[in-house]
């Protein structure tokens with residue numbers, strides 16, 4: 001039998017078998033492959049197999065096969081077509097800090113500029129105008145810059161633990177600055193984009209005692225979708241310290257805008273690193289306790305309110321955004 | 001630090017310490033640090049109380065020395081003081097002046113911190129004799145020596161006559177000779193109209209200093225400045241050529257080095273050596289001279305910069 005006919009015959013059986021195999025693989029490997037798990041909360045149909053014909057051509061033309069199909073010439077026809085497992089991105093980073101590098105495209109369904117949270121913010125413009133802000137875990141700085149642009153802030157600093165992302169953010173900022181008309185007062189007036197800056201670092205301090213020398217310097221702190229990552233990487237102690245640091249960094253009358261992931265989102269990431277796994281297992285402080293902790297004497301916020309819930313976005317991202325008030 | 005690479009090879013501050021870790025460890029030091037957004041601490045060197053807390057912390061951390069400074073008095077900077085001590089160590093070992101256990105040195109004008117004395121005693125177990133004329137400084141110096149349990153190695157001597165350095169002291173110790181003396185003189189000339197101003201041509205263009213000014217006027221300036229002061233040491237040394245093996249002093253200004261060498265040459269003192277102390281943003285100079293026939297100071301090129 002010539003190979004072409006072999007493949008055509010075997011193809012339907014393989015498809016079914018592998019659909020099952022892939023589904024099994026899918027649930028196991030989802031951690032490592034964020035890019036493929038778009039809108040992942042609902043189960044999706046697995047991706048299509050690459051057509052055998054493509055592979056075959058490749059084999060003929062070049063010497064190398066670089067599609068996930070390898071042909072074993074020595075075994076029985078059924079075994080000859082072996083589907084290689086889904087290529088895992090474990091060579092690449094695992095984004096253990098949630099420091100995804102195409103985050104905003106993924107979150108906003110490919111529409112990077114229209115983050116639905118900005119609509120929630122837009123209803124309370126007075127919180128931002130002419131204020132000094134801190135954005136913890138700013139990733140590539142998209143929200144940081146949008147907030148600065150739309151709400152006319154006095155200054156906003158974006159902090160992130162990943163230097164590459166901060167570099168990207170700074171590059172984007174530079175592009176904005178170069179795009180301005182030649183003669184403009186933005187710099188002197190400290191208007192966008194001159195009211196934005198980025199810092200690379202870990203918000204969680206090496207030791208709690210350093211909180212003693214922390215001082216008030218911001219009117220508003222944005223803590224958006226970052227609590228899960230602090231919690232998993234630095235444990236209960238790390239997150240509690242971060243909450244205390246946020247309070248200390250706020251001025252009197254300051255606000256903490258908090259968007260915390262619920263606990264059900266934690267499980268998927270629990271195996272990323274040994275530290276994360278250990279922290280997950282040892283967790284005694286859960287998202288349902290956050291409000292009480294923030295309002296307690298350990299931190300000291302006076303009250304909180306619900307700012308809003310973003311609409312028109314993926315179910316997984318419809319998290320309530322809260323505002324905590326400091327007296 | 002700009003001059004990090006030129007710091008003495010054994011100077012522990014060649015690699016800057018991790019101030020964040022030290023801030024976590026020492027409460028008093030923490031109070032004078034600023035916490036940055038990225039979790040590191042930074043130090044404001046232009047603040048006097050910061051400098052004081054910094055030096056106290058470094059002395060405690062690296063030398064287990066607990067030192068109190070008289071209020072308003074000169075706050076010593078540790079890398080420079082260490083560079084001087086290390087230079088003396090080199091002179092002593094390479095010229096084989098004495099066994100390590102036996103070294104005797106004099107600190108002219110030890111100040112309230114008594115820092116050179118304490119470092120020499122703690123680090124090398126040298127027997128140190130500290131001379132000081134100011135009563136307040138003497139009180140602090142004695143207390144510092146006592147707190148650090150160095151009374152068996154250190155003797156503090158009150159200078160009653162400010163104009164004569166060695167006579168009373170040598171008379172009190174008739175049969176003892178010393179291997180070296182060290183001095184950190186007042187750098188500035190009090191007779192000048194503007195003693196603390198540098199000789200820059202354009203004041204506006206020169207960046208302001210990176211640290212701040214500490215010390216009583218008496219510690220910083222004297223009549224004729226450091227050149228005059230060291231001149232006096234030289235003249236007295238001629239009277240006691242055999243009592244001190246190596247006479248040394250620090251100089252604050254590059255121009256002074258040439259002038260002192262000129263003075264030494266005129267007096268036909270040829271056994272002379274100089275060195276540079278480089279640390280942070282400052283450079284100072286050291287000068288040494290001797291009347292001994294047993295060794296040549298500048299024969300050892302490692303000592304000369």
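Each residue's number is its place along the chain shown, starting with 1.
Glycine too: its Cβ is placed from the backbone N, Cα and C atoms.
TrEMBL annotations:
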type	residues	note
BINDING	B:81, B:109, B:132, B:184	S-adenosyl-L-methionine binding site
>> I'd like the number of other C-beta atoms within 10 A of the C-beta of residue B:109 (S-adenosyl-L-methionine binding site), please.
In response: 22
>> Are there any residues at least 6 positions away along the chain from residue B:81 (S-adenosyl-L-methionine binding site) with a Cβ closer than 8 Å to its Cβ? List them or say none.
In response: B:115, B:116, B:119
>> Are there any residues at least 6 positions away along the chain from residue B:132 (S-adenosyl-L-methionine binding site) with a Cβ closer than 8 Å to its Cβ? List them or say none.
In response: B:109, B:110, B:111, B:114, B:138, B:141, B:156, B:157, B:158, B:159
> Which residues, sitting 6 or more apart from residue B:184 (S-adenosyl-L-methionine binding site) on the same chain, put a CB under 8 Å from its CB?
Replying inline: B:84, B:109, B:111, B:116, B:249, B:250
>> Pairwise over B:81, B:109, B:132, B:184, annotated as binding S-adenosyl-L-methionine, what's the top Cα to Cα distance to the nearest Å?
In response: 18
